[in-house]
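Enquirer: This is the structure I have questions about; it appears just below.
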Amino acid sequence: MKYKDLRDFLALLEAKGELKRIHQTIDPFLEMTEISDRTLQAQGPALLFEKPKGHAMPVLCNLFGTTQRVAMGMGQKDISTLRELGQLLAFLKEPEPPKGFRDLLSKLPKFKQILNMPNKILTSAPCQEEIWKDNLDLGCLPAMHCWPGDVAPLITWGLTITRGPHKERQNLGIYRQQVLSKNKIIMRWLPHRGGALDYREWCKTNPGQPFPVAVALGADPATILGAVTPVPDTLSEYAFSGLLRGYRTEVVKCLSSDLQVPANAEIVLEGYIQPGETAEEGPYGDHTGYYNETEHFPVFTVSHITKRQDAIYHSTYTGRPPDEPSILGAALNEVFIPILQKQFPEIVDFYLPPEGCSYRLAVVTIKKQYAGHAKRVMMGVWSFLRQFMYTKFVIVCDDDINARNWNDVIWAITTRMDPARDTLLIENTPIDYLDFASPVAGLGSKMGLDATNKWSAETQRVWGRTIKMDKSVCDRIDAIWDELNIFNQQSVKKK
């Protein structure tokens with residue numbers, strides 16, 4: 001099913017028992033985080049806080065708190081079908097012309113989907129039903145203060161829209177935003193992210209000139225999830241959202257700039273970043289489970305707030321996994337696999353364990369074809385997609401290992417690895433500045449673990465053979481297993 005806006009999606013979730021309305025007065029200061037966290041841990045529903053303390057605007061939390069709801073938001077039945085989206089992205093990243101008539105017929109569905117990529121530009125839109133310009137105050141937003149040590153309320157689910165001076169496509173990214181004053185927030189974007197790259201190019205091309213920015217809150221689920229999906233750099237997240245939705249993304253021009261924002265967003269913040277204006281951001285509790293260091297980031301000055309009537313404020317919290325970002329990571333893991341397999345066909349599975357903060361550790365299983373193959377795959381993971389430049393640990397195993405089963409992975413590490421021979425250490429590589437374990441902010445090391453069976457060129461030892469029972473014996477025991485009644489006998493004895 002496809003959804004025109006966030007409200008369509010919420011109506012479906014409520015009909016399926018996947019949305020809970022909270023009628024009691026709940027404080028955005030800490031209380032919403034605690035309720036959302038307990039609900040997420042229990043794989044509970046999305047939450048709509050109808051009476052946030054001190055505010056009239058309802059707050060939506062835990063929207064993507066299960067992988068099932070992530071799949072639903074992408075218009076899919078369940079998480080298993082997300083690999084089809086990955087196959088589509090792999091095709092868009094490196095499209096291949098049809099090799100013949102049959103191949104053309106097989107590719108027609110992809111070509112038809114591409115027709116949904118261009119934006120549909122509206123002259124008026126629900127997101128501009130109400131306009132605040134004079135004496136605007138960001139305090140009208142029920143922004144959550146998530147953790148006791150946080151310095152200020154935080155806008156967490158804003159889709160930041162930017163455009164570089166030499167680019168036609170607009171970039172959508174999600175960056176946390178500290179509320180600084182009535183009309184200013186801090187834009188915490190890392191140097192490699194699309195918004196930061198657009199801003200850097202703008203400063204070079206238009207020195208001293210304000211950089212237009214817009215932030216959309218409460219867009220439709222396809223647009224929200226399009227902003228966190230690894231789309232090719234040349235493709236706009238709006239275009240990919242159209243593919244997800246099955247029809248073109250509706251946008252409207254900002255009041256203060258030429259940027260286009262989701263027409264059905266609940267709230268839009270318009271404004272600019274004045275080059276050189278920065279402020280100290282943090283500390284905040286983040287997805288690692290720790291409070292991060294403070295650092296200076298650009299300041300976004302808000303000139304307009306536009307919104308729908310009876311707008312809904314979309315929010316979340318981040319903390320030690322599992323949290324909502326880690327659930328998103330687990331779902332998007334399925335999207336990454338076909339993209340990696342197109343470049344490295346030997347990859348069988350790829351897994352980012354949520355407890356590894358969604359991206360800091362990856363387990364890869366491969367069909368090994370030559371000595372040193374595992375190291376090539378490590379290098380490929382670190383370099384092929386920008387999303388993995390901050391992955392600190394890559395474990396490569398053979399395809400007889402289940403990448404998603406720690407018992408299998410640990411067994412492979414402890415039986416197939418020599419620490420000196422099979423550990424690859426690389427120093428002075430890009431690291432998330434939130435990673436306080438690195439010796440220098442933004443720069444640290446990476447480790448690759450080759451837990452594959454070694455070929456003759458890689459060892460002088462006779463390699464071990466895995467133990468496996470004869471099939472005939474297994475068949476014989478299968479035939480008499482129920483007759484043995486072993487477990488029922490044990491339960492009778494325990495009584």
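Positions of Cβ are set from backbone N, Cα and C atoms, glycine also.
In case it helps, Swiss-Prot gives these features for our protein:
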type	residues	note
BINDING	N171, E237	Mn(2+) binding site
BINDING	I174, Y175, R176, R188, W189, L190, R193, G194	prenylated FMN binding site
ACT_SITE	D286	active site, proton donor
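In the displayed structure, how are the listed features positioned relative to their neighbours?
Expert: Secondary structure at N171 (Mn(2+) binding site), as computed by DSSP, is strand.
Secondary structure at L190 (prenylated FMN binding site), taken from DSSP and collapsed to helix, strand or coil, is coil. For L190 (prenylated FMN binding site), the same-chain residues lying six or more positions away in sequence with a CB closer than 8 A to its CB are A196, D432, Y433.
Residue density at D286 (active site, proton donor): 23 other Cβ atoms are found within 10 A of its Cβ, drawing on all protein chains shown. The secondary structure of D286 (active site, proton donor), as reduced to three states from DSSP, is coil rather than helix or strand.
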Enquirer: Check the Cα-Cα distances from G194 (prenylated FMN binding site) to the recorded positions N171, E237, D286 and tell me which is shortest.
Expert: N171
Enquirer: Taking I174, Y175, R176, R188, W189, L190, R193, G194 as the record's prenylated FMN-binding set, what's the max Cα pairwise distance in Å, rounded to a whole number?
Expert: 14
Enquirer: Give me the Cα-Cα distance between Y175 (prenylated FMN binding site) and D286 (active site, proton donor), rounded to a whole Å.
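Expert: Cα-Cα, rounded: 12 Å.
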Enquirer: Considering only the binding-site residues N171, R176, R188, R193, which residue has the minimal Cα-Cα separation from D286 (active site, proton donor)?
Expert: R176
Enquirer: Is E237 (Mn(2+) binding site) helix, strand or coil when read with DSSP?
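Expert: Looking at the DSSP assignment, E237 (Mn(2+) binding site) belongs to a helix.
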